[in-house]
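> Handing you this structure, nothing more for now.
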Amino acid sequence: MFHMLLLCLLVNVGCIFGQNDDSISPSQCFTSGDCGDNETCVNLSCQDPCPGTCQGNAKCEVRNHVPYCSCKPGYTGNPFTGCQQAASVLAGDMLGNNSQPRRKRFEVERFIKVNWYAAYAHCRYHGGRLAVIESKEENEQVKEAILKTNLRNEQFWTSGTDFPQGQWVWMTSGKPFSGFSDWEPGEPNNAGDEHCLQFFEKERKGYMWNDKNCMEQIYPICEYIE
């Protein structure tokens, strides 16, 4: 009975004690690598990650299991919050309809450890985005969010990646890194197929940036626009 219940939980289907094994549908995937390049593994099912990801006047393309949003021709802005006609865009892409600046809130998902692809899907599923850090102020916000969890010497995903373009970008926004960075000395060094950006800490000396193998399972950091 216990083994049957465990199997039910793993394949993410509703189960009733006493069901026959024939009624249990096998899972399609355990990681995004089990799916096609244009699909992402969500709740053990290969799914199109595009629906609901890009907002108004934006288009979605999937590259290596990750949805990438870009504004349609003639439009500009942040494709994850909505693109506007180039001539009418207000300064900055964090402005709401009332022209008031919108603020980010960073939240550490401290109860799950997942690979980078699943972290991206997890934040999107919960109405947020995998974290983008574009300034010293935002970097400090993330560090404060981490310290509030009391987790030390741990590792946390952001949306930074240099795969497949070879240039470090924030996959959540599609933007290349700005002038700000907080790399650990000697990083990034790509020591073992490391193409995704994490916050990490050694010997409780403070969190900094490091490149990490994207399949490692660590805590996600999600951001929410307020």
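Along the chain as shown, the residues are counted starting at 1.
Cβ coordinates are placed from backbone N, Cα and C, and glycine is handled just like the others.
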> If you have TrEMBL open, could you say which of Cys29, Cys35, Cys60, Cys69 makes the disulfide with Cys50?
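Candidates were Cys29, Cys35, Cys60, Cys69; TrEMBL matches Cys50 with Cys60.
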> For Cys50 (disulfide bond), list the number of other Cβ atoms lying within 10 Å of its Cβ atom.
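17, counting other Cβ atoms within 10 Å of Cys50 (disulfide bond).
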> Count the other Cβ atoms sitting within 10 Å of the Cβ of Cys60 (disulfide bond), across every protein chain shown.
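Around the Cβ of Cys60 (disulfide bond), 16 other Cβ atoms lie within 10 Å.
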> Can you see whether DSSP assigns Cys50 (disulfide bond) to helix, strand or coil?
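DSSP assigns Cys50 (disulfide bond) to coil.
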